[in-house]
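Participant: Sharing a structure, written as structure tokens. Questions coming.
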4 protein chains.
Amino acid sequence: MTVHTGRHFLQIPGPTNVPDRVLRAMDMPTLDHRGPEFAELGFAVLAASQRIFRTKQPVIIYPSSGTGAWEAAIVNTLAPGDKVLMAETGQFAVLWRGIADKFKLDVDFIPGDWRHGADIAAIEQRLVDDKAHKIKAVCVVHNETSTGCLTPPLEVRKALDRAGHPALLMVDTISGLGSMEYEHDAWGVDVSVAGSQKGLMLPPGLGFNAVSEKALAVAKANPGMRSYWDWQEIITFNKLGTFPYTPACNLLMGLNEALKMLEEEGHENVFARHRRHSRATRAAVKAWGLDTQCADAQAHSPALTGVVLPEGHDADQFRKTVLENFDMSLGTGLNKIKGKVFRIGHIGHFNDLMLMGTLAGVEMGLALANVPHRAGGVLAAMDVLKAREAAPITKVA
Amino acid sequence: MTVHTGRHFLQIPGPTNVPDRVLRAMDMPTLDHRGPEFAELGFAVLAASQRIFRTKQPVIIYPSSGTGAWEAAIVNTLAPGDKVLMAETGQFAVLWRGIADKFKLDVDFIPGDWRHGADIAAIEQRLVDDKAHKIKAVCVVHNETSTGCLTPPLEVRKALDRAGHPALLMVDTISGLGSMEYEHDAWGVDVSVAGSQKGLMLPPGLGFNAVSEKALAVAKANPGMRSYWDWQEIITFNKLGTFPYTPACNLLMGLNEALKMLEEEGHENVFARHRRHSRATRAAVKAWGLDTQCADAQAHSPALTGVVLPEGHDADQFRKTVLENFDMSLGTGLNKIKGKVFRIGHIGHFNDLMLMGTLAGVEMGLALANVPHRAGGVLAAMDVLKAREAAPITKVA
Amino acid sequence: MTVHTGRHFLQIPGPTNVPDRVLRAMDMPTLDHRGPEFAELGFAVLAASQRIFRTKQPVIIYPSSGTGAWEAAIVNTLAPGDKVLMAETGQFAVLWRGIADKFKLDVDFIPGDWRHGADIAAIEQRLVDDKAHKIKAVCVVHNETSTGCLTPPLEVRKALDRAGHPALLMVDTISGLGSMEYEHDAWGVDVSVAGSQKGLMLPPGLGFNAVSEKALAVAKANPGMRSYWDWQEIITFNKLGTFPYTPACNLLMGLNEALKMLEEEGHENVFARHRRHSRATRAAVKAWGLDTQCADAQAHSPALTGVVLPEGHDADQFRKTVLENFDMSLGTGLNKIKGKVFRIGHIGHFNDLMLMGTLAGVEMGLALANVPHRAGGVLAAMDVLKAREAAPITKVA
Amino acid sequence: MTVHTGRHFLQIPGPTNVPDRVLRAMDMPTLDHRGPEFAELGFAVLAASQRIFRTKQPVIIYPSSGTGAWEAAIVNTLAPGDKVLMAETGQFAVLWRGIADKFKLDVDFIPGDWRHGADIAAIEQRLVDDKAHKIKAVCVVHNETSTGCLTPPLEVRKALDRAGHPALLMVDTISGLGSMEYEHDAWGVDVSVAGSQKGLMLPPGLGFNAVSEKALAVAKANPGMRSYWDWQEIITFNKLGTFPYTPACNLLMGLNEALKMLEEEGHENVFARHRRHSRATRAAVKAWGLDTQCADAQAHSPALTGVVLPEGHDADQFRKTVLENFDMSLGTGLNKIKGKVFRIGHIGHFNDLMLMGTLAGVEMGLALANVPHRAGGVLAAMDVLKAREAAPITKVA
């Protein structure tokens, strides 16, 4: 049994810290999923989901992990043998690609060094070269949670448009949605993939697909086998505020509250908050004399920061030191950066002092684990955080 | 907004009433799904799940609805064109068959009248006739939630054995598990399908597959496309107490508590409680002069009772009367018995007085909705409930 | 350890069933009791408390039991040797009188048979006879929780007015407030005493005094020693939304939600609901062939019903049977009616089907405990409950 | 409405941060306070309360604030005109003295400068001088919450013993109990006064008196008027696990869980944790170049640190800056140090990273409020926190 003498610091880049209001909203008697009270809830969460995706087109909510929502994007729109263009931005791009392989897609996987976003020029070149329009979809990860590098979906859309290519644009914004600007409609995304446990501030258990009319038309014509993930039946039921199966009622009750909270704060304010915390974190990393995993200054994620440990120092040993001494969970390095990188999540229900506790824990952990670094990262972060406008920020009318 | 002046009576046959202890266990900060504290939870729920399925073989837990767990059973073991034998016991058999169709299985669907369990003799005959062993799986619904009729999985196993047929036995026990005896190993079931929101007393959001070694071997050899539902990767991760994706942590925290509660009461006591409530409910139905949807006295479900309204009376109108006047949700008649039948759920976190409130609500609703009936069903139910042994039942050491 | 297999039926006349919304409102991080967020809460609960007491004068909220609020009424307004007129309506009148004795008041305790409300004529006669106006206060229990008999405060006010007597009118409405009409101002009550755990649907832990300007003036002139219970300092702090000590923040958070719920339902609707449940309960008692403890048809409490067991049958043994067999708590007979009477609480967060579960538990318990009675009380109660207007009652806009 | 974008930092010296486990334990259906399930709870909390007070003598638990428990100590043991010796250690000593005045005690109030604990030598001198033993009680505040200075009760006991004086020793350990060593029996304390909302990690609403046999004997002989606070009746009922009035059931449910948590961590470990946090805080204060309100290096409280702002800077303006910019509540300066001092609470459910968030918030607030200070307090605190033994501290078997 673990004895927590205060709050655990859950500073992995998801699941994120769930607000009490959301947990309490889930902690209510479950509902008749076919009754009128549920329908009110159904309509409310579907409408608010559209607002956070910034879309007027359908949003599908699955009882699933984010990996389920990836699979849903694939099985609705693509059939075995279809060619797709993907970009190796990091582990989550690798995993999504793995699903594409399992469904026998023909994946063109643009290689990457896990320290940048997707190479837009390379994507564009592939599209231009594909005169026969064999590429059915371009799949990118908006916020690569394994590295902390962004790929701007709008730039991919522009590349598609410049190439005059009809492929679908599919975007994994699992750790992007609710954490940073996202414009499903304005950016011309065809399928947006998201999950509950990141910027949406919920426990894991819900997956999302936002889909364009174009994607729906493709799906309608797609003979591939699918049932659970099939968009069409869900959309039909959703018109009545309900679902074709027993939905995860209590997670939806939490989603309703979480989306309400994001709107109370204001989506723009939420995103600004995360950007600010990301800047403060990078200031600390720089002061420590360490590198961020993201090597492109334009691509730093507002959601998390990957930090590279000096050669010869094991990031997982460091994480263990932090967990055991300071009751804080940090994100591990995944796959080929395992042991080299740790990740600090700074999204979800989060504020300046939680960030300072987090960074202090990292700085003390570096010392305890004998990782070479300069002290004072916390001071650098404080310089960022205290440089704010005169107006107080925690109060709204 | 609905104003509840007391507790809503959620007497549909699932989701069932969730105990406060379970809701409160879910209402805790979410966890690092890759950390040691989660692993303890993972091991605990997997072991307790084996105990409730009565199996020493793997149990897979999905973030999904029960329909997902149906799909999982199919895509792991079967490939397009495979022949399966199913039995039309009611709407849930129909729905499962629909998934089989979507995955292009060749379904032999033994017809039924929705008032009995599966016809074991007919199943046996089909198996005997299938000399070439083209049938790859026999799929039955243990507790048909749309009708309240049982099909005993052990009888199907015996039929398979008598026929010397190697087909897999796949059983939907979504509304059976935790509500009545279930013996995955002893009954020779190859794939058991379950969900969280019935006898397990959880909100919806988790699906289960218990799988035999034989089923695992079949899956290993099955080239069919799958990823999310793939057993093998999950089983591998489960050995470390974890999952290949971010699991639905808080639902698992609830599952841990729910399984603990079922063990504190004693599985056998839980099942006896539901049987007793089923008998009391049927005594009331008989006293009202109404019929149960289940027409086989040996096949009455301990989990729910379907009640047939007299010709010319709309069951959904009656349900609406009950909901609006007594804040109780009853189950609707599904598909071809829509409007003819309503269903009373009597499983989950439930006791004698909750049942009496339920039956009183039905009896008053019959009166208010002008459904011809005799008064006094509640008295008949009380006669069953008060006929108990001397020893008190609500206390244990 | 007690294993509850469903919800415990808490059918004592307080503490009553607390709504989930109230429990969840209490289940939030506690507050800086000197900060602006607390002040908002303070103002809100004080204003809503005035609305439920129907007063524009101060309401004082103590972290205390109801017995504390009794003491507060006494020590603020009375000094040793002061004469007070009280009426023996039952155990709670006896207990209040006991406190008066401890504070050395000179109590004239009008005797009663515990089966009626206070004798208004006797009160009036005492007042008329008291030409010297030695009586400083008349203290009555509005809803005598030990018997289920009402004493109408307005009738006492009228008696005072007819007698032209200046004594204060002090009313214990601990189990009345929130359960039935109460008019602190319109009835000319000087001190109203209440508690959180009855009609206010909260856990125990808050006591209330609503006070008239006249009572405040008396208190100001009263040299008696007091500190914790002193009204004046609390009223002064309350003007800023705060308290002179650390208040019971989380109970106040619950109070805020509970008062909101009572207003959502509508105070009048709440009272009508309780009256209806009281009528249904009495119909059951009559059908069983038992007597209510309250022998005055005009004085039956809407909050609870005391039931007399036939001679030779022990009410506490009966209660034990019900608790052990049906997981329901019924109220015990207190003091001189111990073992002769049990009490059914039907207030708080309560609805028709909870009442029917309750009455079924009583009826089955009578049988199991071999208490002579006629079956069918539940049917008689259902006749009352189903006689309702066409309009549905559980929905509001 | 306040929008919290992360957890509020409640760093006043009480109410302290309440653990989720405790809030969830309170968030359960309330109980029949006269039933067997309540009695189990009653026995459990009374026994665990004795363990935290380190006494085998009775502990009385009131539904009250801490001020109520002060009053209880007085009214049980003292009568008007009785002489008591008190020491002006700060605002809470002043308040307790105020209650003594209201109950017409003859208070000898040894003056103090609010920057030290009580003057033990002065106390001893008064006792020695009191040949007639007119002093009936010596009352000291163990941990003066308004200043952060300790007075060791054991030293007062020794002074009493050296003087051979029979006066009762009454100790306010409201913010001491559960936060630091306390030995009711071993230190020869006669009445210990405590509250729920400090080291006990509960919301406010419970007051405590631990009483010696000697105090009980004094109380028995004391003719003073009292009812609510009377020890004797409560002790009598407590022998059955119950109370003479409806107790604050849900707060007691929380108390049970909180005391369990303190024992799981180990009382000694809890106290060591607070001492360490106090040292780290003082290191930060020193680094900022500010003074602690406590001027005696031997008397620093492990529970809170009072910090003096430089002349000309308003501590409440600073606190407002911190609240509005960083969503943290700090303690205000009380009474004569209002505006000069702010207080940092570091007890309750609290850990290293919460402390670092707290100190970072103070340091940034000093900058934003233009309070002259040196940066780097957080680094000094980290130096204290990271100097720990090799063994990890957050895990126990």
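Note: Cβ is positioned from N, Cα and C throughout, glycine not excepted.
Sequence annotations record features per position, and here TrEMBL assigns substrate binding site to B:Arg343. Under the heading domain 'Aminotransferase class V', TrEMBL lists B:51-316. Positions annotated as N6-(pyridoxal phosphate)lysine by TrEMBL: B:Lys198.
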Participant: Using a 10 Å radius around its CB, how many other CB atoms surround B:Arg343 (substrate binding site)?
Facilitator: 27
Participant: Could you measure between the residue listed as 'N6-(pyridoxal phosphate)lysine' and B:Arg343 (substrate binding site) for me? Cα positions, answer in whole angstrom.
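Facilitator: Cα of the residue listed as 'N6-(pyridoxal phosphate)lysine' to Cα of B:Arg343 (substrate binding site) measures 14 Å after rounding.
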Participant: Look up the residue listed as 'N6-(pyridoxal phosphate)lysine' in the DSSP assignment and reduce it to helix, strand or coil.
Facilitator: coil
Participant: Mind giving me a neighbour count for B:Lys198 (N6-(pyridoxal phosphate)lysine)? Other Cβ atoms within 10 Å of its Cβ, every protein chain shown.
Facilitator: 29
Participant: Across the domain 'Aminotransferase class V' (B:51-316), what does the pLDDT come to on average, as a whole number?
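Facilitator: Its mean pLDDT is 98.
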